[in-house]
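Database features (Swiss-Prot):
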type     : residues : note
TRANSMEM : 15-35    : transmembrane segment
TRANSMEM : 42-62    : transmembrane segment
TRANSMEM : 79-99    : transmembrane segment
TRANSMEM : 109-126  : transmembrane segment
TRANSMEM : 131-153  : transmembrane segment
TRANSMEM : 167-187  : transmembrane segment
TRANSMEM : 242-262  : transmembrane segment
TRANSMEM : 276-296  : transmembrane segment
TRANSMEM : 304-324  : transmembrane segment
TRANSMEM : 332-352  : transmembrane segment
TRANSMEM : 376-396  : transmembrane segment
TRANSMEM : 398-418  : transmembrane segment
Amino acid sequence: MDVANLASQLNATTILPEGVLVISLILVLLGDITFGRSSAKWTPYLAIASLAACLYLLYTQWDQANPIGFLGSFNADNLSIVFRAIIALSTLVTILMSVRYIEQSGSSIGEFMTVLLTATVGAMFLCGAEELVMIFISLETLSIASYLMTGYMKRDSRSNEAALKYLLIGAASSAVFLYGLSLLYGLSGGKTHLDDIALALTDTSKSLALVISLVFVIASVSFKIAAVPFHQWTPDVYEGSPTPVVAFLSVGSKAAGFALAIRLLTQAFPNLVEQWQFIFTALAILSMVLGNVVAIAQTSMKRMLAYSSIGQAGFVMIGLVIGTEAGYASMVFYLLIYLFMNLGAFTCVILFSLRTGTDEIGDYAGLYLKDPLLTLALSLCLLSLGGIPPLAGFFGKLYLFWAGWQAGAYGLVLLGLITSVVSIYYYIRVIKMMVVKEPQDMSEVIKNYPSIVWKPLGMRPLQVGLVLTLIATSLAGVLSNPLLTIVNSSVADVPRFKQATIPTSIDVAIQPDTPTIAPEL
């Protein structure tokens, strides 16, 4: 094989966005080693600049002629580009919200940025990986970096406990996933590329070993997306971990898990489509019900948002279960919307904890009287998570539920509507507590609420992150047509889709034979 032919097959430009992040994390690490704590003044901005460059490079890769790189191991198609952009955006907002948090804790910002960028690179590679070894290495890169970030506050016993729990359960999940991949490798006759595995398994009967491999793979993916009953780690890890880490895990890590689910399940298990859809139907039902019901009883904002994220994962799984192009498009769109409204909520929680040192829901009582802007911001994000119009979360759920209804998943859609109403209750409860008007109803924490100051290091990035997420949460739904065009284009090459993309304008369509009312979104 000559050099030119090898270079064309490697097609290294497909991973250029990840390459920029790798260079950035090396520079951040070297800066922290060389300059110590003084590097905190510029390392976050270097990381932000590299993420902005990464997003631009992803934009330039859209609809590229040859998206396959590294001898077929990596696919930079439009679907992977959208998921990688979601992860890069979540990391960018996480950095904006974390600078002041890490600075106030007394920890090293450079080390934190290095580990966070490492997790981002692993997650982005996972979105496009099409070879078993690359899938596993990418997943482990993301997982190990996540363990390190979870226990980053070394002097906090809760952070250490969360890291240990996450490590033990995550290690078991990785072992199960690896065993599932090994079965897939053996049954396919030693193939490692997903397309080759699918081709080798085309004539294979639904053997017990193949079903076991499917179950093991789904169990590991479910752990990554925090689906019930593989969610036990989520509340404890979310409560004990640094809040910026929780924000990244709730969006970036979850998006990578769903990207892996789409690519692995639709390509590597051609004979078991009905089986994995049935399993994910059960997971979606359990996640929507348990996540939203248990969230009602929580007294900590971080634990409430943890169970909320479990319920949100159940909603997203509706798009995965129905297996249509409209389902995948609505799933990707909802993840994009979820990024802004969830990170916006966590930004508000961080800002409140920086000023008060607590995240208990009861301590938010009367916040409106002392900090009306923070109250408004958190209220908008929570209402959007609940799906209240005209905020972005409403349109995300509308597209998702309509795709499910079109595909005939009436039970899942109705359950999703019911559990959405349940979620509104615990979101409204927090808002109601914040807007009490009587001074005697204020919590002791709010009575001693400090004056609002934006001058300390890291407060301006936090302010920028909050404004960005609020603008997106408020307008992304109303101005959704460009986003829908992007997500519809991104799923055009997804295998096994069964129906057309989501329409792009609201209309009443009446067919000559069968009258139907279909909102074209």
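Keep in mind that glycine also has a Cβ here, set from the backbone N, Cα and C atoms.
These figures come from a predicted structure and were not determined experimentally.
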Non-local residues, at least 6 beyond the ends, that sit with Cβ under 8 Å of the transmembrane segment (131-153): 70, 72-74, 105, 107, 111-112, 115-116, 118-119, 121-123, 125, 159-160, 162-164, 166-167, 170, 174, 177-178, 181, 184-185, 192-194, 197, 224, 237, 240-242, 245, 248-249, 253, 256, 260, 264
CB contact flag for the transmembrane segment (109-126) and the transmembrane segment (42-62), at least three pairs under 8 A: yes
Stretch contact, the transmembrane segment (79-99) with the transmembrane segment (332-352), Cβ-Cβ under 8 Å, 3+ pairs: yes
Segment-segment contact (the transmembrane segment (332-352); the transmembrane segment (15-35)) at 3 or more Cβ pairs under 8 Å: no
Contact set, same chain, for the transmembrane segment (304-324): CB under 8 Å, 6 or more residues outside the stretch: 225-228, 231, 234-235, 237-239, 246, 250, 254, 258, 261-262, 266, 273, 277, 280-281, 283-292, 294-295, 298, 330-332, 334-335, 338, 342, 345-346, 349, 361, 385, 397, 400-401, 403-404, 406-409, 412-413, 416, 419-420, 423, 426, 430, 496-499
Contact set, same chain, for the transmembrane segment (242-262): CB under 8 Å, 6 or more residues outside the stretch: 79-80, 83, 86-87, 90-91, 93-94, 97-98, 101-102, 105, 116, 119-120, 122-124, 126-127, 129, 135, 139, 142, 146, 149-150, 152-153, 159, 221, 224-226, 302, 305-306, 309, 313, 316, 320, 328, 331, 335, 338-339, 342-343, 346-347, 349-350, 353, 359, 494
Stretch in 15-35, 167-187, 376-396, 398-418 most in contact with the transmembrane segment (276-296), if contact is a CB pair under 8 A: 398-418
